[in-house]
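Visitor: Here you go, one structure.
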Amino acid sequence: MSKDYTYVITRKEKLAESIYLMDIKAPRVAAHCYPGQFVILKIDEKGERIPLTICDYDRDNGIVTIVFQALGHSTKLMAEYEVGEAFRDFTGPLGKKSELIDMPREELSKKKVLFVAGGVGAAPVYPQVKWMKENGYEPDCIIGARSKDFVILEDQIRQYANNLYITTDDGSYGMKGNVNDAIRHLVQEKGKHYDIVVAIGPMIMMKFVSLLTKELNIKTIVSMNPIMVDGTGMCGACRLTVGNEIKFACVDGPEFDGHLVNFDEAMKRLSMYKTKEGKKILREKEGETHHHKDCQIHKE
Amino acid sequence: MDKLKRVPIKEQDPSVRVNNFDEVCLGYTLDEAKEEASRCIQCKNPRCVEGCPVSINIPGFINEIVKGDIEEAFNVISKYSALPAICGRVCPQETQCEERCIRGIKGEAVAIGKLERFVADWARENNIAPKPPKEKNGIKVAVIGSGPAGLTCAKDLAELGYDVTVFEALHEPGGVLVYGIPEFRLPKEEVVKPEIENLRALGVKIETNVIIGKSVTIDELMEEEGFEAVFIGSGAGLPNFMGIPGENANGVFSANEYLTRSNLMKAFDSNYDTPIITGKKVAVVGGGNVAMDAARTALRLGADVTIVYRRSEKELPARVEEVHHAKEEGIHFMFLTNPKEILVDENGWVKGMRCVKMELGEEDQSGRRRPVEVENSDFIIEVDTVIMSLGTRPNPLISSTTHGLETNRRGCIIVDEETGQTSREGVFAGGDAVTGSATVIQAMGAGKKAAKAIHEYLLAKKR
């Protein structure tokens with residue numbers, strides 16, 4: 001079945017329990033993508049359209065790297081695919097490139113940037129850290145995970161980050177605690193100064209990072225991951241309230257000012273299609289990588 | 001037979017069809033088509049042709065039906081239209097060809113649309129397809145968007161020998177024909193796909209999953225990939241919302257999202273992975289064809305559906321046939337009513353809609369009487385799902401990434417009306433991307449005009 005499809009898997013790695021990395025042959029996307037953007041993948045004829053952030057790209061070889069967590073029906077099916085097999089549809093790049101990339105160089109050079117990656121959020125953080133280093137900037141980075149086994153892309157990010165800090169909820173690796181504990185530690189105890197925080201991870205984590213950075217008065221960029229269908233702006237499934245405006249994450253984002261996003265509304269919308277069965281899967285699996293017990297999807 | 005009345009056409013019984021997504025209208029048999037065709041009086045100056053945006057030789061093809069030569073009838077239509085099985089089904093004939101039919105003065109107009117559909121369906125069932133051109137000129141032309149405008153432009157250019165590539169952002173070609181218009185009006189496998197296969201048979205290449213402005217730009221297509229002309233038929237796919245409180249609640253959808261899930265992603269079929277929320281009590285806000293499509297889709301998914309429209313029944317922009325079908329199927333209509341707020345429960349879900357009564361005031365610029373709120377007339381309707389069908393706008397992606405392409409205040413691409421030529425040399429545009437949301441056949445007419453203009457432009461360039 002999948003051998004007739006266009007978008008061939010050229011590499012597959014298991015990064016952690018149920019977290020996979022894949023290289024996909026997609027020359028048009030590879031030629032035009034930038035950190036911060038995403039793709040939409042459709043496994044086969046009957047599949048749904050799944051948005052996935054771009055983790056890396058190789059323009060010369062026409063390769064785009066994606067990282068995904070096998071949580072629901074579609075991503076679990078994706079995880080069963082092997083090198084040499086292919087997906088039916090793979091389109092992009094979608095969304096705007098990272099705000100940092102479009103910032104005037106002179107302005108960016110004066111900014112001290114801290115990346116905060118929660119769980120699988122390390123995948124979209126990685127290309128941004130890499131881009132900054134390759135363009136002469138020196139960003140710091142925090143990776144937060146549930147435990148040692150769920151820390152992904154550590155070596156890759158370490159290669160480009162000025163300082164890399166790791167936190168685990170259970171203290172099995174790095175600092176014990178969540179990413180906010182680490183931010184407080186760096187800013188309030190070690191006296192580090194940051195002008196911009198880029199936080200990417202589960203919505204609940206981005207919400208709490210934004211609350212903290214508001215208190216600390218640090219500009220914060222988050223990358224929103226609402227439900228999407230087409231990813232090109234034609235349906236509004238991914239709409240969010242930012243400030244007092246309705247925005248479509250797929251075309252106006254996915255990056256927004258974390259201090260303006262209505263996270264509570266966004267999290268409610270994220271739970272829209274969770275059937276009773278789906279909620280159960282989520283509690284069992286995703287619940288483990290979440291950092292906060294108040295998360296919407298933990299309730300009920 | 002009564003020559004004043006058209007031959008009746010078989011339809012699925014309303015009580016049956018509300019439980020399936022199969023086509024409502026079942027089409028004519030050969031005998032019925034011949035009988036209906038015999039009602040055409042073969043005018044010397046056929047006014048029906050003037051009413052057709054692609055000027056099909058209507059008496060010509062009808063005469064072939066009378067003679068019983070359906071293949072020839074198909075050849076006549078194919079000279080003008082790339083998508084007859086589709087147009088015969090979705091064109092608003094009552095305001096186009098059929099409106100001008102002489103028969104319509106004293107009785108009922110000839111059923112031109114249904115006859116066109118019969119011919120196209122017959123040709124498909126008998127494996128008759130348009131023939132590819134003998135000579136290719138090797139000149140590359142890019143067509144952006146595979147909706148009605150793009151497909152028509154591609155067909156005409158391919159027949160002139162051009163090497164045409166159509167770029168489509170979604171994973172299936174067809175534009176609104178596949179994501180917008182439901183199965184029960186326009187079957188995808190049986191009707192849309194074969195019509196697109198006919199284009200491939202003419203040598204047209206279709207590249208899906210390419211988002212112009214993101215995956216590649218028009219500038220790159222022209223400067224790096226060797227395309228000598230470009231036609232933009234990217235449509236008007238951006239949904240409008242009302243901007244009222246509660247509009248981001250769970251259970252509020254744009255009609256585009258609802259229809260895309262059901263039509264393109266086949267969410268109504270449990271074998272497909274995309275979910276859809278059915279809702280028990282659904283309100284569809286708006287009165288156009290898209291509103292009817294969304295309402296009738298929700299009904300088939302099991303909901304009790306009410307259309308909420310701010311003007312009166314007379315002003316409904318939807319086709320009469322669609323409104324009639326919707327009523328037959330049990331859709332409720334609430335006229336002169338406008339939503340003010342969507343009421344949300346503690347979990348973020350829609351629980352109701354606060355509406356206000358409207359009355360019609362003075363005529364606006366378009367000649368329609370403007371609806372005005374009646375003071376202190378607020379009331380609440382209980383609904384758990386709201387579908388907003390308030391029209392669409394063009395996507396700014398292409399205009400914002402193409403150098404020198406001018407748009408107007410509404411984001412529509414500015415073109416020369418006769419040629420479709422944009423402000424950028426070698427770049428032409430047509431369909432909803434230029435006019436804002438209109439009809440399938442108008443988009444086809446624009447695609448046709450642009451193909452002719454592109455041919456003339458490229459001929460002049462070679463000289």
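Even glycines carry a Cβ here, placed using N, Cα and C.
So TrEMBL lists the following for this protein:
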type	residues	note
BINDING	A:V67, A:F68, A:Q69	FAD binding site
BINDING	A:C235, A:C238, A:C250	[2Fe-2S] cluster binding site
DOMAIN	A:2-100	domain 'FAD-binding FR-type'
Visitor: DSSP-wise, what's the residue breakdown of the domain 'FAD-binding FR-type' (A:2-100) into helix, strand and coil?
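Guide: Its residues divide into 18 helix, 47 strand, 34 coil.
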Visitor: Of A:C235, A:C238, A:C250, which is closest to A:V67 (FAD binding site) if I measure between C-alpha atoms? They're all binding-site residues.
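Guide: So, spelling it out, the nearest of the binding-site residues is A:C250.
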Visitor: Rounded to the nearest angstrom, how far is the Cα of A:C250 ([2Fe-2S] cluster binding site) from the Cα of A:Q69 (FAD binding site)?
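Guide: About 20 Å separates the two Cα atoms.
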Visitor: What is the number of other Cβ atoms found within 10 Å of the Cβ of A:V67 (FAD binding site)?
Guide: 23
Visitor: What is the interatomic distance between the Cα atoms of A:C250 ([2Fe-2S] cluster binding site) and A:F68 (FAD binding site), given in whole Å?
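Guide: Here the two Cα atoms lie 18 Å apart.
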Visitor: Among the binding-site residues A:Q69, A:C235, A:C238, A:C250, which sit with their Cβ under 8 Å from a Cβ of chain B?
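Guide: Correct list, in sequence order: A:C235.
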Visitor: For the domain 'FAD-binding FR-type' (A:2-100), what's the mean pLDDT in this predicted model?
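Guide: That region's mean pLDDT is 94.
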Visitor: Taking the Cα atoms as reference points, how far is A:C238 ([2Fe-2S] cluster binding site) from A:F68 (FAD binding site) in Å?
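Guide: Cα-Cα distance, A:C238 ([2Fe-2S] cluster binding site) to A:F68 (FAD binding site): 19 Å.
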Visitor: List the other residues in this chain whose Cβ sits within 8 Å of the Cβ centroid of the FAD site residues A:V67, A:F68, A:Q69, in sequence order.
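Guide: Checked against the 8 Å cutoff, the neighbours are A:L15, A:I19, A:Y20, A:L21, A:L52, A:I66, A:A70, A:T75, A:V120, A:A123.
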Visitor: Could you give the Cα-Cα distance between A:F68 (FAD binding site) and A:C235 ([2Fe-2S] cluster binding site), in whole Å?
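Guide: Rounded to the nearest whole number, the Cα-Cα distance is 24 Å.
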Visitor: Give me the long-range Cβ neighbours of A:C235 ([2Fe-2S] cluster binding site): same chain, 6+ apart, Cβ under 8 Å, in sequence order.
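Guide: Long-range Cβ contacts: A:V229.
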